[in-house]
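Reading through the structure tokens given below for one structure.
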């Protein structure tokens, strides 16, 4: 009997699980095929050109466009139906962030279109079709995420799983293509200036994919070609952010949502002045360091060494501050007794997994630098700063990950019962009189205080206007006693509340400071300030090609970690 009762539930879950497995395998194969095409183009494989790669990406984007249009039309016809929503997915600030990156991505597409027009004589038509298709894909995808990122799909679940997972891996392939293009550009610049550090024994062969014809307008071509690579970091962040939001949508398909009230957590600048000031100071100095670094690194050997020393000293100082702030926040958490929210939440689970997974990129580079310093025979002075820098990168991510993951899993603080006190106040002879106790007591039917004379107003009489003057004296005495009781309880409540507010204020300032620090540490590698390339010591120990492969694989994850950490810390600040 028990088996028969349980079998329908089990039978109902099999199609959903099979659809999840089949769609994930479809997406992985889609991604692997595109990855091999990208790799083949990167290594100049025989018979495979850039037009083949772009044709594949264009096809994937067009399929996603058709699916999104179908979904939007179907949603429009069913707009009156009540749909389940995941309140944790697609936060407004996250949508604003992806919109900002999308706008810059559209500027990048316009630059690519202009670049194609100037070199149209020798470029494949796919290089002109790709940015146009990508622009349409970007506009529709941002609109789709704004309207439907919170959806919990309960109909056409098999079809929707394939459509959403197709969108996830399409964005991942576009992210991979952007990372590879930007990395090849950075590598060419690195090879050109590597000789200035004295590593002349490394063979410099430029990996050039430049068009084999002259530009029609030289000035515009220069603007387009240089501007494209400065905009790529934003395009890369746009696609990885879109893929994560779509992945949460995929995980929510067929999910049973627990209906409970979700407290809104708006962002407020009030109370985080200290954290913002220190964070903006770090951001300003970081931008200055990056500008000086990019100017000096290719000048001469002395200038390059000074630029590396400046970068390491600045990074060591910032990382030390971040470690200290993270430790203080964790100590405050240890002093609080608050339970963790262990409810099923795909968005929160993905955030935690991405933090740890992408941190592995920085850890790989840091351990490579530490081993290179230990094993190298010669040690230029600037390389010794690399040792504390690499150690601090490892420690800082340990601490920050622990702080963020614990923060997003902590239950929001419930409002104290003392705050929920409902009082009816009347003015009697220049003083206030509380006529109503806690609403919790009213609910339980205990609406009288110890004096048993409080609800005189509720009886239809006015205090002090009974048969004789004794009532006035008695009421005033009762009022004085009640005032004393309120003063004592209010003092106790406000003292406890003051301590809690101070802790919250400190945590909010720490979150704001770490948010700006992570944005600051995202800027250097995203815009070409990469000492892992320019240090040179790792390339001597591991070999030029092996170390470059390690850097090109790990760096995109390291860059994404900083942006994802900044987004998570923004959420922590709102929830605290």
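Cβ coordinates come from backbone N, Cα and C, glycine included.
Here's what TrEMBL has on this protein:
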- 26-47: transmembrane segment (TRANSMEM)
- 53-72: transmembrane segment (TRANSMEM)
- 93-117: transmembrane segment (TRANSMEM)
- 129-146: transmembrane segment (TRANSMEM)
- 229-250: transmembrane segment (TRANSMEM)
- 271-295: transmembrane segment (TRANSMEM)
- 311-333: transmembrane segment (TRANSMEM)
- 354-379: transmembrane segment (TRANSMEM)
- 506-528: transmembrane segment (TRANSMEM)
- 540-561: transmembrane segment (TRANSMEM)
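Packing against the transmembrane segment (271-295) from elsewhere in the chain are residues 307, 310-311, 314, 318, 321, 505, 508-517, 519-521, 523-524, 527-529, 573: each is 6 or more residues past its ends and has a CB under 8 Å from a CB in it. Note: the stretches the transmembrane segment (129-146) and the transmembrane segment (354-379) are not in contact (fewer than 3 CB pairs below 8 A, sequence gap of 6 or more). For the transmembrane segment (354-379), the partner stretch with the most Cβ pairs below 8 Å, chosen from 53-72, 229-250, 311-333, 540-561, is 540-561. Stretch with the largest number of CB pairs closer than 8 A to the transmembrane segment (229-250), among 26-47, 53-72, 311-333, 506-528: 506-528. Non-local neighbours of the transmembrane segment (53-72) in the same chain are 30, 33-34, 37-38, 41, 124, 126-127, 129-130, 133-134, 136-137, 140-141, 143-144, 147-148, 160, 163, 166-167, 170, 173-174, 177; each lies 6+ residues outside the stretch with a CB under 8 Å from one of its CB atoms.
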